[in-house]
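Feature annotations, courtesy of TrEMBL:
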type: SIGNAL; residues: 1-24; note: signal peptide
type: DOMAIN; residues: 131-471; note: domain 'Peptidase A1'
type: ACT_SITE; residues: ASP147; note: active site
type: ACT_SITE; residues: ASP352; note: active site
Amino acid sequence: MAGVTTFLPLILSLLFLLLNVGNGVHCFEEKKVFNLKKFQWRGPSNVPSCQPQKSRKENGATILEMKHWDYCSAGLAKDLEQKLQKRLVADDSRVRSLQSQIRRAAFIRTEGLSAAQLPLTSGIKLQTLNYIVTVELGSKNMTVIVDTGSDLTWIQCDPCKSCYSQQDPIFKPAISPSYRSVLCNTSTCQSLKLATGNSGVCGFDQMTCNYVVSYGDGSYTRGELGRERLDLGGVVVEDFVFGCGRNNKGLFGGASGLMGLGRTELSLVSQTRSKFGGVFSYCLPSTEGDVSGSLTLGGDSSVYKNSTPISYTKMIPNPQFSNFYFLNLTGISIGGVALEASGFARAGMLIDSGTVITRLVPSVYKAVRTEFLKQFSGFPSAPGFSILNTCFNLSGFGEVNIPTMKMHFEGDVQVNVDVSGMFYFAKLDASQVCLAVASLTYEDEIGIIGNYQQKNLRVVYDNEQTRLGFAEEICSFT
Ligand SMILES: *[C@@H]1O[C@H](CO)[C@@H](O)[C@H](O)[C@H]1NC(C)=O
Ligand SMILES: *[C@@H]1O[C@H](CO)[C@@H](O)[C@H](O)[C@H]1NC(C)=O
Ligand SMILES: *[C@@H]1O[C@H](CO)[C@@H](O)[C@H](O)[C@H]1NC(C)=O
Ligand SMILES: *[C@@H]1O[C@H](CO)[C@@H](O)[C@H](O)[C@H]1NC(C)=O
């Protein structure tokens, strides 16, 4: 008895502390140091041009070096702030297009949709697709944009009716001995419908299979389907089906084309299933400095450099929209405080390498914003910037402690957002720095996990076991 009385004050204060943790008292919130100088976006200042990215083979997996798109677009540093704004405007129009595609496909709502519908592909993101890798097609190096949200891989082809300028020499099928046309009476040609939303069309010679992928922002690629030898870091795929683009328009940043990592039969993942088992993963590098990430084809996890175990959540089946990857967001914690919102766990959330900023349904966004402001208090606020409306003037600070952000997925999977993915610099002097998460307009729209919040994570897309894995990893290629 005497012991209990002696320790009563201690027990009471422990109880007090425990209760307060739940209430989010400041001294118990989880925070991370955010160094403003380190994460300030400097752009492509010291990189002259877009060199081919490296690749290697390791234990049956292929590892492709992956760089941020800015690496390829030197000379734009003077207009950085304008560029940052444009990127968000593009990100917004892309997300709107995605929403209307998903809505149409899922028949959630039919009113308000005009006749001029967007195609089933997600390619509106072309301005914002940010990551590139280099592959060898017909023994030529081709640097392409990586897209997990579309299926057809395509390359600009000579002779070209209309091509944008690219860094690599343009691909010439006529002088490649391993190139063959895909005929229009084949099932491969028919698979275009599911992969791109547009059926393949017989060419004027009634032989070639013509494709078109048009994107909501006015970008498009048109041409014919071909087969070619594809070398992915030393793993050769014969007769790889791709789009030989003869008429291409859009902001593809000097890349030769695009690699489609979606889910239908035409995607690179499906076509390489016998080599890589339908599994790929990436680590998206943060943009400060000349940092590389990796795109790994194949499921041998021993080649990853993750520092925490991979935990898997299941892909939510979405038969109407079979080329996208959906998962189930069940919660978010800010600084260790679990948020309450009606919008969790309701519909699938899309994960995408092409959207920049994560979009949350309004109820979830509101909860994130409120809790973040509560914990990140005492800092001068700044006006909103484009789609971002939780902004601060941090120009007087060298570093700040910011609350951590954790996403929870079905199956008790927890993903810590890297500190580099928390703030977006609207002004380079840090006088307008914004929480890098945005709200959707309606509660019935589909949330999207953008690439900004996927940095320094190993994200594993396992199509065989229909699951997605996450682990922490500081990205590097070597
Ligand atoms: C492709 O680029 C890599 C890396 O720079 C280089 O080693 C390789 O020789 C190039 N291959 C061809 C066919 O040009
Ligand atoms: C497709 O057309 C080619 C050329 O006319 C013909 O040789 C081939 O048998 C046809 N294939 C099918 C599956 O009909
Ligand atoms: C998400 O997971 C929760 C909890 O397991 C479940 O109740 C809910 O139905 C799931 N939502 C979807 C869209 O699968
Ligand atoms: C931001 O804060 C700094 C000092 O902390 C101040 O000098 C500056 O005027 C502020 N900038 C804006 C745009 O409010």
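Glycine residues also receive a Cβ, built from the backbone N, Cα and C atoms like all the rest.
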Do you know offhand how many angstrom separate ASP147 (active site) and ASP352 (active site) by C-alpha?
8
Count the other Cβ atoms sitting within 10 Å of the Cβ of ASP352 (active site), across every protein chain shown.
25
ASP147 (active site) has its Cβ surrounded, within 10 angstroms, by a count of other Cβ atoms equal to 26
ASP147 (active site) falls, by three-state DSSP, under strand
